[in-house]
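Chemist: Dumping the structure here so I can ask a few things about it.
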Amino acid sequence: MLTSDLIRESEDGPVSGSPKMYPRTASAMRRMLSMSSSSSRVDGRSRIELRAGSVGDGREMATLEDGTSEDRVANDEYKIWKKNTPFLYDLVMTHALEWPSLSVQWLPEVTKDSSDHTVHRLILGTHTSDEQNHLLISKISMPTDEAQFDASRYDTERSEFGGFGAVNGKVEPDIRINHEGEVNRARYMPQKTNIIATKSPSADVYIFDYLKYPAIPRDNTFNPLIKLKGHSKEGYGLSWNPNKEGLILSASDDQTVCHWDINASQNVSGELMARDVFKGHESVVEDVAWHVLHDGVFGSVGDDKKLLIWDVRTNTPGHSIDAHTAEVNCLAFNPYSEFILATGSADKTVALWDLRNLRLKLHSFESHRDEIFQVQWSPHNETILASSGTDKRLHVWDLSKIGEDQSAEDAEDGPPELLFIHGGHTAKISDFSWNPNEAWVVCSVSEDNILQVWQMADNIYNEVEEDTPAEMVERPM
């Protein structure tokens, strides 16, 4: 149970590892993003993987004669980020997808590939230009902590680590399933991870069992297992009940939240009508989420700037809160605490709430430069929260640091609770997902087709205070 004091207690979950000399405090690591330097790092546990063909060749938007000033700024920031990846990360894998994916989620199953690699799976979707869209089950080979890095393969000219990245880190579709329109959102059922629900430009929610489809479609036939009916417009919010198998919620532009039990009987066409339609918002419902610990409670947020808390047994919200000063785009319940949740908004802030007293916002996280579309709690650490959106940044927050004293220099870099900023994307981040098996590993996708798998340097969250040796950092002239 988190009170305002308990929120600030550190979690015991950070990945263990021997201290390194190169990174400094979290605030100093953030400062590195604004340092135009050429840097390198040599370390046996490093897992930096910058894929040839996706980072160094055209990814940098080198010719921007007709581009906007915003493009040029993004390009410059990306170059600075790439130069400093050896100091900021233990793992970076970058891959250019064939089409942008608006959704990403790690599947929980992991298999062994070799003595130093494991195979993970991702749920992705396509957003094509009038071509056949697909729901994708893709695999990615990732190095283990025991994998040794070959320092001799560091490319000083391009400031990239080679080694693993030359042959691994590739995201390969294992299964392609025909999808009607782009995949707005795709999420697996916690109790049966082969069951996946998707949102599309249509009003329907689609259910698939990916084990029942061939690796490559035989034709362009669209054949979901179930079509969930009840909405009149498209949407993005989608949430499986973590405690009761088959229960799913969907948010829509039609201002409603629909509730289904996919175990109920469908009609002969494989269609299933909503068992409940919840009406309480006065505008688009952007997101919906089940409470992680109470199986009958859920929350919804929308363009009416409100946060609503519901009980599925009643058709009116138990709480209606004016949560932000602009549209509320996302919400997430803390998986460790029954009282704590977070919301993200177009007002550029993430808000922290206590269900016991929703009249008072616990805290406002302020550092994003544009509206926020995703917010997710770490599955491994009670106090760790991440947010992303239009500003091309993914921020990692540590609630245990709220209110800590800062020097004037550190305060310029952001509030004390801002643990890390992932600056590897040059377009809006569409979605991200915490890896359920690898603590601190995140996958993020952006509108420019880029998928990145990354893990911040462990002494950022382990708070190793030792400075980077001066000879390792080339300062601007």
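Count begins at 1; order follows the chain as displayed.
Cβ coordinates are placed from backbone N, Cα and C, and glycine is handled just like the others.
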Chemist: From the ranges 1-26, 53-78, 313-338, 365-390, pick the one that TrEMBL records as region 'Disordered'.
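Modeler: It is 1-26 that TrEMBL describes as region 'Disordered'.
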Chemist: Are the repeat 'WD' (365-400) and the repeat 'WD' (278-320) near each other by the rule of at least 3 C-beta pairs under 8 angstroms (pairs 6 or more apart)?
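Modeler: Answer no: the repeat 'WD' (278-320) and the repeat 'WD' (365-400) share fewer than 3 Cβ pairs below 8 Å.
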Chemist: Could you pull the average pLDDT for the repeat 'WD' (321-357)?
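Modeler: Here the mean pLDDT over the repeat 'WD' (321-357) amounts to 98.
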Chemist: How about long-range neighbours of the repeat 'WD' (321-357): same chain, 6 or more residues beyond its ends, C-beta under 8 Å?
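Modeler: Distal contacts: 1-2, 4, 7, 283-284, 286-294, 299-303, 305-309, 363-366, 368-377, 379, 382, 385, 387, 389, 397, 399.
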Chemist: Please list the DSSP helix, strand and coil residue counts for the repeat 'WD' (365-400).
Modeler: 2 helix, 19 strand, 15 coil
